[in-house]
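Right, one structure below, let's go through it.
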């Protein structure tokens, strides 16, 4: 039995009364809890999914209070329940004990597939112009003023010198509906702290970046990733004072930093291959779409895994593919694309790291052995210095040549001496076998 029944019809007057009586803090609590159990977060929140499996979907409030963003708002479970009782979305059910909550079984979680990603993209907006020290709480409060939203993703790049991820000043905002996103984009002016924001559809932004990257590759030719990243990074650094170049610089820095590592959100699985589809065909097709390929692993003739260079590039590839009938077309083949996420991606990346480290260690070992010399190699190659030889030849000279015994012309076997007291020495010099006696 539950406290709230989402199937129960409330009157409009009662809904408005509840809404009007909701305090600002209660509104924030409702939004945060409904985000946890919402369509966007729950489908990828592995921890919360495990909790849901334990008790028919019920999650103790004590567990939810371990989440930083909720505990920052409120640490009292009773206050959280009081706030959720005023929610009108019907997403959350409250247990009789008022000690645990769950997502309503009447609202099943949508499957995260290509159709779902395409739907999300249709109501996602790109916004740029925020201060680099912005906080997520402030951005959420800002966008809530423009309608219902599902998520705000702060775009960042990895500054390896400082060993931290830094905000780029731009975000992706997923609105609750397509109409809500369109209404926001139609606004003539949107400012954040007196700064005019650049806003556009996410799909338009991705297409623009794809074209920019493709043009950059065409301009600089077929260079190695390190050379291209260094050249482009230096160019952007020199032009960083020019207005409008800052975002391009960040993109190049991000690409340069991540090409040497294992960024997350970079792995996709391709199925539907055959022996006619080679790895270079896959690489060429994906890079023509403006994305950089770091590694391709052919598991079999039918399945391959592709690791892209830049963070979250896998979702960008999926969105580009979704706009083309959900197929990656290589020649006359149409491949299925699946983004590898969560624990599966983490396991795959760890395996790739281990493989790479093994190869590096082997290469370093070979290099060290080559320096030391092996099998006659090295600085003393072909010299007799400091080598022990039989006989009393002068230092630095090979043993003196002594005329070998005469061999039978009809046989290759050397005739052995008959005198038993004679010492016999066998040696090989310059691939020639010598047999001589010392009296």
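Just so you know, glycine gets a Cβ as well, placed from its N, Cα and C.
In TrEMBL, annotation is done automatically, which means it is predicted and not curated.
In TrEMBL, the region 'Disordered' annotation falls on 216-264 of the listed ranges 167-215, 216-264. Across the domain 'RRM' (123-204), the model assigns an average pLDDT of 90. DSSP assignment over the domain 'XRRM' (261-385) gives 51 helix, 27 strand, 47 coil. According to DSSP, the domain 'RRM' (123-204) comprises 20 helix, 36 strand, 26 coil.
As a summary of secondary structure, the domain 'HTH La-type RNA-binding' (19-111) carries 47 helix, 10 strand, 36 coil according to DSSP.
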